[in-house]
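Undergrad: Below are the features I grabbed from Swiss-Prot:
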{"type": "BINDING", "residues": "Gly65, Trp162, Asn215, Arg407", "note": "substrate binding site"}
{"type": "MOD_RES", "residues": "Lys59", "note": "N6-acetyllysine"}
{"type": "MOD_RES", "residues": "Lys73", "note": "N6-succinyllysine"}
{"type": "MOD_RES", "residues": "Lys73", "note": "N6-acetyllysine"}
{"type": "MOD_RES", "residues": "Tyr96", "note": "phosphotyrosine"}
{"type": "MOD_RES", "residues": "Lys185", "note": "N6-acetyllysine"}
{"type": "MOD_RES", "residues": "Lys185", "note": "N6-succinyllysine"}
{"type": "MOD_RES", "residues": "Lys234", "note": "N6-acetyllysine"}
{"type": "MOD_RES", "residues": "Lys279", "note": "N6-(pyridoxal phosphate)lysine"}
{"type": "MOD_RES", "residues": "Lys309", "note": "N6-acetyllysine"}
{"type": "MOD_RES", "residues": "Lys396", "note": "N6-acetyllysine"}
{"type": "MOD_RES", "residues": "Lys404", "note": "N6-acetyllysine"}
{"type": "MOD_RES", "residues": "Lys404", "note": "N6-succinyllysine"}
{"type": "TRANSIT", "residues": "1-29", "note": "transit peptide"}
Amino acid sequence: MALLHSGRFLSGVAAAFHPGLAAAASARASSWWAHVEMGPPDPILGVTEAFKRDTNSKKMNLGVGAYRDDNGKPYVLPSVRKAEAQIAAKNLDKEYLPIAGLAEFCKASAELALGENNEVLKSGRYVTVQTISGTGALRIGASFLQRFFKFSRDVFLPKPTWGNHTPIFRDAGMQLQSYRYYDPKTCGFDFTGAIEDISKIPAQSVILLHACAHNPTGVDPRPEQWKEMATVVKKNNLFAFFDMAYQGFASGDGNKDAWAVRHFIEQGINVCLCQSYAKNMGLYGERVGAFTVVCKDAEEAKRVESQLKILIRPMYSNPPINGARIASTILTSPDLRKQWLHEVKGMADRIISMRTQLVSNLKKEGSSHNWQHIIDQIGMFCYTGLKPEQVERLTKEFSIYMTKDGRISVAGVTSGNVAYLAHAIHQVTK
């Protein structure tokens, strides 16, 4: 009690001599966070919120990055339902996973990405850890670079890139740079610009590459272009950091979608790789991903794994178990794996079909523009080439929602609304 009274006395004395201190203490007591400003809304979530408020029966949400069936409904893969039933029947426990995750899931993920007969897997010169989907894989990778990549803090991102790449690497303490990627004049790959910029990247820097289905443009290099990019990356001694969120979902063929990653490794480039099962298995809310580092030898891989575990432990201790069990069950069960590959191809084919139907309907509308880029691009997203003012008209006049850069999620297009979309686009572009 004496201490309490003496503390009040000293506080009163301080306030008497320094009125400002009393005011500061009072403000602090009322709110520790008065200085915190309102953050900007997420642009994609903002699109969804505006869509929900719209009462137009023909409204379309082309901003969401999740697959929809041809009725515009969320889609749970039948193979996932079967895997869930098998897991439930085993009456498994809910104990913690190891820090690195479910071992059989990690092994199966590496095999899916690199190919089952890859020399890297046979020699054991790799490490794969389970992560909290692709975002978690990127953050673990970025944090590993920040702590152990001693050559440079610079990470070169394609321009444009997925919006979350920037804060992930920035918040991990890396410095952000860019290289040319998308050509707005052709709505295609700026191969010349990309090669010129990559050639000028300082040696021992990090370059981020989208393995397939580039987000947000849907523009991918062709195999011969990938070969030249790999040559430049190797010549300049750059570290290749691959983000592969759409394996199988881009072309419908998982091996084709992983071609660039495998080619780089074949050329002697020891890459790291982020994987996600959100899109290709529809496990969005399960948060299932993996991070792989290809090393010089098995001994180096063990050292890298030990440090990845040390990074993971204070972040989230260990990853969630349910989604990893689902993915692992599918990948390691021959019948389920075969069914899943068929379903992935079905999703990819529907998106490819919607691209073709959209262009066909634009032609029927009498559009004189060249829309071939919509067909040439690949994956869930499409850079339409629409200008911000045209996007605004689509929203106001037709209740069609997308981000201001004209990016659309083709998964939101169905056989029931593709004609309406084509009509609206024609009206704002003619």
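Cβ atoms here come from the backbone N, Cα and C positions, even for glycine.
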Undergrad: Among the modified residues listed here (Tyr96, Lys279, Lys309), which has the Cα closest to the Cα of Lys73 (N6-succinyllysine)?
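TA: So, spelling it out, the nearest of the modified residues is Lys279.
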Undergrad: For Gly65 (substrate binding site), list the number of other Cβ atoms lying within 10 Å of its Cβ atom.
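TA: Step by step: centre on the Cβ of Gly65 (substrate binding site), count other Cβ atoms within 10 Å, giving 18.
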Undergrad: Can you tell which of the binding-site residues Gly65, Trp162, Asn215, Arg407 lies nearest to Lys309 (N6-acetyllysine) in space, using Cα positions?
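TA: Closest recorded candidate to Lys309 (N6-acetyllysine) by Cα: Trp162.
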Undergrad: Could you give the Cα-Cα distance between Arg407 (substrate binding site) and the residue listed as 'phosphotyrosine', in whole Å?
TA: 40
Undergrad: Between the Cα atoms of Lys396 (N6-acetyllysine) and Lys59 (N6-acetyllysine), find the distance and write it as a whole number of Å.
TA: 11
Undergrad: Could you tell me which three-state DSSP class Lys396 (N6-acetyllysine) falls into?
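TA: The residue in question, Lys396 (N6-acetyllysine), is helix (DSSP, three-state).
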Undergrad: Rank the modified residues Lys185, Lys234, Lys279, Lys404 by the number of other Cβ atoms within 10 Å of each Cβ, and give the residue at the low end.
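TA: Lowest Cβ count within 10 Å among the modified residues (Lys185, Lys234, Lys279, Lys404) is Lys185.
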Undergrad: Relative to the Cα of Trp162 (substrate binding site), which of the modified residues Lys185, Lys234, Lys279 has the closest Cα?
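TA: Of the modified residues Lys185, Lys234, Lys279, Lys279 has its Cα closest to that of Trp162 (substrate binding site).
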Undergrad: Please name the residue among the recorded positions Tyr96, Trp162 whose C-beta has the most neighbouring C-beta atoms within 10 angstroms.
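TA: Answer by Cβ density within 10 Å: Trp162.
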Undergrad: In the same chain, which residues outside the set Gly65, Trp162, Asn215, Arg407 have their CB within 8 A of the centroid of the CB atoms that define the substrate site?
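TA: After dropping the recorded site residues, what remains is Gly163, Pro216, Met380, Phe381, Ser409.
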Undergrad: For Lys234 (N6-acetyllysine), just give me the three-state DSSP call.
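TA: In three-state terms, Lys234 (N6-acetyllysine) counts as helix.
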Undergrad: How many Å separate the Cα atoms of Lys404 (N6-acetyllysine) and Lys234 (N6-acetyllysine)?
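TA: Rounded to a whole number, the Cα-Cα distance is 37 Å.
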Undergrad: Among all chains shown, work out which of the recorded positions Lys59, Lys73, Lys309, Lys396, Arg407 has the most CB atoms within 10 A of its CB.
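TA: Going through Lys59, Lys73, Lys309, Lys396, Arg407 one by one, the largest Cβ count within 10 Å is at Arg407.
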